[in-house]
Amino acid sequence: MLTLYSIDTVKYYPPDFDPAKIPKLKLPKDRQYVVRLMAPFNMRCKTCGEYIYKGKKFNARKETVMNELYMGLPIFRFYIKCTRCLAEITFKTDPENTDYAMEHGATRNFQAEKLLEEEEKKITKDREEEELNNPMKVLENRTRDSKMEMEVLENLQELKELNQRQASVDFEGMLGTYKELEQRTKEQEKEEDERETREMLERALVKRLRDSDSDSDQENSSRPKKPSTDRPTDILTTDRLTDPQGLSVGGVKKAKVESWERSVGGLGGGGVLGTLVVRKKPVTSVPKPGTTVTPAGSNTQTVSKAAATVLMEATKPITAQNGSSSLSLLGAYSDSDDSNNSE
């Protein structure tokens, strides 16, 4: 048993299928179909003036134009409605010009090029009809065409010569100019790089100098200031600076100075009171028997003056640390004088 399948419909056909037995539908040839299409050109509705641009989609009705054929090809008509006033607009195919032709309901926009082409075709057609019946007209047209071609060629040649004269290209000069421009550009870039490097180094040096200056200022501010001396020997008589712990700059501890010493001064200094500080004289021993004793009244003043002078010279560089020592020395000197006087 052979089973037939249709490639298009993919349906099952029984073995006893006979297409001639299928009844044909009696439909009119000018029947209409609903199709989906886009507007083939820009148009404007005559009723409301609405613009319909090319490519707008419509649900149109399509029908075959009766008694119109172009080389055996049928011509179709389409019915659409305006998007604003719902007025009916119709246009049909134009296979002769591979385009569409507007029938009624709207006017076509931007068809200047098409009108120009139609005018050229009309002129060409009229000329062919004229030449077909008049041989002399054919000769005149050919002579005019050849003359026009010669003029066009001459004008073209003149333009070529003028361009060659003005456009004399020197390739070597162009290459040299390009090389010079490239070299100049490289030199400028190199100079800019060197300048930027120099500026960076200068900024770094200035910053380093500022940092060193600030460090030196900090060190100078942290260090104690030395007393200014007018003469080199003044340092022997002036006191050295001391720190808060009572140590001098050299590291030797200095004795604390009392308030009364700051105002009055020490007794053992080189002033007027310094001459009064003398060393205590030891007590004289009793002379042994048999020794001659000098009279007291004759040499007492001389011995006391000599002893005082010796004591003055011996104790002159000695400075008293406090008032008690100087007073004791004064007391010893007065005692020695009294003993001498008594003797």
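Note that Cβ sites are derived from N, Cα and C of the backbone, with glycine treated the same way.
A TrEMBL annotation is a machine prediction, not a hand-curated record.
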144-168, 319-343 - the range that TrEMBL marks as region 'Disordered': 319-343
Same chain, 6+ residues apart, C-beta under 8 Å of the C-beta of Cys82 (Zn(2+) binding site), given in sequence order: Cys45, Thr47, Cys48, Glu50, Ile52, Glu88, Ile89, Gly105, Ala106
Position of peak Cβ density within 10 Å, selected from the binding-site residues Cys45, Cys85: Cys45
Cβ neighbours of Cys48 (Zn(2+) binding site) where a neighbour is any other Cβ within 10 Å: 12
Remaining residues near the recorded Zn(2+) site, that is with C-beta within 8 Å of the centroid of the site residues Cys45, Cys48, Cys82, Cys85: Lys46, Thr47, Gly49, Glu50, Thr83, Arg84, Leu86, Ala87
